[in-house]
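Colleague: Pasting a structure here, questions to come.
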Amino acid sequence: MTTFKEAVTFKDVAVFFTEEELGLLDPAQRKLYQDVMLENFTNLLSVGHQPFHPFHFLREEKFWMMETATQREGNSGGKTIAEAGPHEDCPCQQIWEQTASDLTQSQDSIINNSHFFEQGDVPSQVEAGLSIIHTGQKPSQNGKCKQSFSDVAIFDPPQQFHSGEKSHTCNECGKSFCYISALRIHQRVHLREKLSKCDMRGKEFSQSSCLQTRERVHTGEKPFKCEQCGKGFRCRAILQVHCKLHTGEKPYICEKCGRAFIHDFQLQKHQIIHTGEKPFKCEICGKSFCLRSSLNRHCMVHTAEKLYKSEECGKGFTDSLDLHKHQIIHTGQKPYNCKECGKSFRWSSYLLIHQRIHSGEKPYRCEECGKGYISKSGLNLHQRVHTGERPYNCKECGKSFSRASSILNHKKLHCRKKPFKCEDCGKRLVHRSFCKDQQGDHNGENSSKCEDCGKRYKRRLNLDIILSLFLNDM
């Protein structure tokens with residue numbers, strides 16, 4: 001037989017709770033504790049019969065107090081299990097020894113019927129096998145990994161491990177495990193009851209604090225206020241993120257364009273702009289997006305009902321935030337001001353793009369010619385020069401344009417609309433730029449003088465034509 005110095009004891013697998021800790025356990029947790037402790041006894045003492053149930057120290061849903069390892073060392077004589085009362089120290093070693101004594105007959109039978117011992121072992125050696133739990137002897141050995149075990153029940157699982165057999169299946173999700181102890185640990189996931197439930201949406205939460213935060217979405221309550229600007233937030237974590245806006249702390253910097261961000265996930269999203277990758281595609285219209293969240297938001301345009309409508313123009317939106325942004329157009333509010341020139345903007349994104357004019361930053365560059373732009377949309381328009389793309393077609397004459405603004409101006413020629421009027425002569429014009437040129441003709445700003453003959457021309461173009469003709473004659 002193979003002998004090991006260290007024995008597997010009840011202390012190695014037992015879970016100890018104080019009286020205060022036991023009072024905090026809910027029924028599901030108590031049931032889980034019972035199952036785990038029962039499995040611990042089974043793994044170490046399973047011989048097919050167990051006359052003493054390890055949870056006899058549960059009486060009227062009150063746990064008997066188990067002493068710690070220090071208390072066991074100093075306790076020379078204690079009460080028997082039957083004599084110990086509730087909340088009295090019941091030595092774990094005493095439970096161990098009495099249980100092993102009760103199992104002598106059944107364990108002796110299994111040992112005799114197993115191949116614990118080699119041929120030639122005498123009956124006295126079999127008798128010695130009854131104390132294998134206390135001595136730490138592990139006579140059984142796995143032939144594949146040479147690991148030794150103290151009884152047949154513990155000897156079997158390693159064989160299941162080598163064969164890959166998973167005979168223990170979870171009834172909740174169907175997942176299988178080699179060991180029943182692993183199954184017990186897995187079942188703790190299902191035992192975590194979701195105690196908190198939202199009354200509005202019916203969504204369940206494992207913590208009451210998460211439920212309170214969720215309910216504030218419906219009630220509009222924002223108890224956490226920023227001391228700098230007074231803005232309110234539903235939870236403290238969002239307030240902490242907001243406070244970084246005032247401190248200016250942006251530790252995450254993009255290596256390509258130098259733009260800084262408060263959080264690392266913001267930097268990761270930003271870096272997709274430089275790669276140009278758009279892996280998420282809408283199945284309905286074919287439009288592609290960099291982020292899955294952007295695709296999900298876009299899909300609502302096709303599927304979701306537009307519950308939020310503008311009172312001014314009746315336009316519908318799927319999100320209240322989009323409606324709020326749209327209403328700024330009707331109010332004319334421009335809350336975002338440039339500190340350099342004082343120009344105002346409706347959106348913070350517009351202000352950010354405008355500030356690049358002052359800083360000279362052009363993070364978007366054309367791969368064909370290297371020309372830089374302050375916005376992604378500007379780069380997209382420029383790339384049509386190289387590709388020759390003209391997606392905007394006039395239905396009247398079939399003429400194509402690369403910009404939406406160009407086709408809008410072109411359509412005015414067909415409908416004969418002349419919305420712009422010269423303040424000096426009253427002449428109506430198609431484009432605003434024509435109106436400015438007309439006013440320049442009246443005040444003399446557009447006139448150009450020839451240096452050779454002194455004659456003045458309304459347009460610089462007319463002067464250039466005359467000069468070219470004069471040079472050809474020479």
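Placement of Cβ uses the backbone N, Cα and C atoms for every residue, glycine included.
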Colleague: Identify the zinc finger range according to Swiss-Prot, selecting from 58-80, 127-149, 196-218.
Modeller: 196-218
Colleague: Could you tell me which of the ranges 101-123, 308-330 is annotated in Swiss-Prot as zinc finger?
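Modeller: Per Swiss-Prot, the stretch marked zinc finger is 308-330.
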Colleague: Which whole-number mean pLDDT does the model give the zinc finger (168-190)?
Modeller: 77
Colleague: Under DSSP, the zinc finger (252-274) has how many residues in helix, strand and coil?
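Modeller: Across the zinc finger (252-274), the residues distribute as 11 helix, 4 strand, 8 coil.
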Colleague: Go through the chain and flag residues at least 6 beyond the ends of the zinc finger (336-358) whose CB is under 8 A from any CB in it; none is fine as an answer.
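Modeller: Result: 325, 328-329, 374-375.
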